[in-house]
């Protein structure tokens, strides 16, 4: 056997070992995953609830989305009318639509908080690398849900913001080398489906939003949850927690109670504040291809952290930074393997401050620096 | 000279749209139109004030049928009006005093309400003090029935014809009071379900323990 053969065989064994460690068959039973599972109790224990909360908002999305499917028409001529019909004439239509919109924001917010707390608690440590990577992919899918869903009401802000978004995707190509140069353009053409954002785009975004993305999310979520149940909750703090509580029924009950509290908050918000009331009404008018583009076109609030820097900095800087952040996120389990939780907590705090400042004050910062 | 020519062309355009039966009765209206039509009656002072006061983008759709204003050939714009609609437009333009039943095709319900309740003369006078429009309208009218009166929606830069659009904080206060029964019922339902789930989880745990033993 040559050295290279030996090396290949050893790599195969390593990979097999890696998989066995992440999917231990002996632990795949109710006893291990439910009855004997313990959850550490410490000052960061609240972080364990953020994942469940994200799942709760996803479930609300599915249920309210199914109701909306009964009436929504994915055609450029009827999309806006059907949304108006749902809001004005369908029994509890406005409430369902508002719950869908509010819970979409809730899902993205809780997913981001979950990622940041998981990072600060070092929940990506061996053998939880797959849990982390699946979580990152789930977050990307969640953002894509937001992007595709934004177009569906077919109003001024929806179509114009989608045009800007798709154009930005294509613009990435000019900074990519070789064969990669054409990939963003092909992606844009694939999702847009015609020369400009139109019926094909709406159809494709609709298919993505209601079929492909939910399917992908459910499959990946199943993998993510399986990993969480197999490996248990991470310690979360440097010192081993003095106290633990049983996952079933103690933690599960607390989790469900929190879902109840958030359902009540969501219901109250949805019945009291229509989500669209935050936008200027000219942006909510049906899209008019021949009319003037109204002022104030911008993406949903959860894209502000990248939108305002995009308006202020050269495009290549944003691409470079986005690429770096993406790579760091995927490689986090290996890059930060030896980093202490104190340092991770500091990095997580910095990221949180950046996200909050850009989301809340991004517009003011933009005007301050531009004028 | 150019303005006069433009005015003449626009009058000719309008004339051609008038029906045969209506034509003779409309000479006086055409005369009136010749006074106004050179620049369609959009008063940007109100839009500018609403925008400045609220910090929100506002467009002509607050009072007009078309978001791009009354001038043009699009739906709800002067260039696309039929004879019967021009008659309604004329009657709205002649409504100088409050109380007239007007239904201008270039105005939406809010625009028509302004003309009905204030009269054209007052609207023209208010152009210099656009803030006074809200006071002049009073707080009796709420076309979209969202609980925020139309005058206040004008100040807030929100859509007075859409119940789903208004100042978020005001809507929250109004709807909280309006739907307090629904909210109490939701609270009761959530509490009952939580109570039921606790009992269910405990029962499952006890059953599991019994089975184990």
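Cβ atoms here come from the backbone N, Cα and C positions, even for glycine.
According to TrEMBL, the feature domain 'Cytochrome b/b6 N-terminal region profile' maps to A:15-237. Sequence annotations record features per position, and here TrEMBL assigns transmembrane segment to A:46-72, A:99-120, A:132-152, A:206-226, A:247-271, A:313-336, A:343-362. Look at TrEMBL and you will find A:237-371 tagged as domain 'Cytochrome b/b6 C-terminal region profile'.
Note on the transmembrane segment (A:313-336): residues 119, 122, 124-126, 128-129, 132-133, 136, 171-172, 175, 306, 344 of its chain, located 6 or more positions outside it, place their CB under 8 angstroms from a CB of the stretch.
Of the Cβ pairs linking the transmembrane segment (A:99-120) with the transmembrane segment (A:247-271) and spaced 6 or more residues apart, 3 or more are under 8 Å, so the two regions touch. Between the transmembrane segment (A:206-226) and the transmembrane segment (A:46-72) there are 3 or more Cβ pairs closer than 8 Å, counting only residues 6 or more apart in sequence, so the two stretches are in contact. Long-range contacts of the transmembrane segment (A:132-152) within the same chain: residues 54, 61, 72, 74, 79, 83, 104, 107-108, 111-112, 114-115, 118, 123-124, 158-159, 161-162, 165, 197, 201-202, 205-206, 208-209, 213, 216-217, 220-221, 223-224, 227, 299-300, 302-303, 329-330, 332-333, each at least 6 residues beyond the stretch ends and with a Cβ under 8 Å from a Cβ of the stretch.
The domain 'Cytochrome b/b6 C-terminal region profile' (A:237-371): residue composition by secondary structure is 97 helix, 5 strand, 33 coil, according to DSSP.
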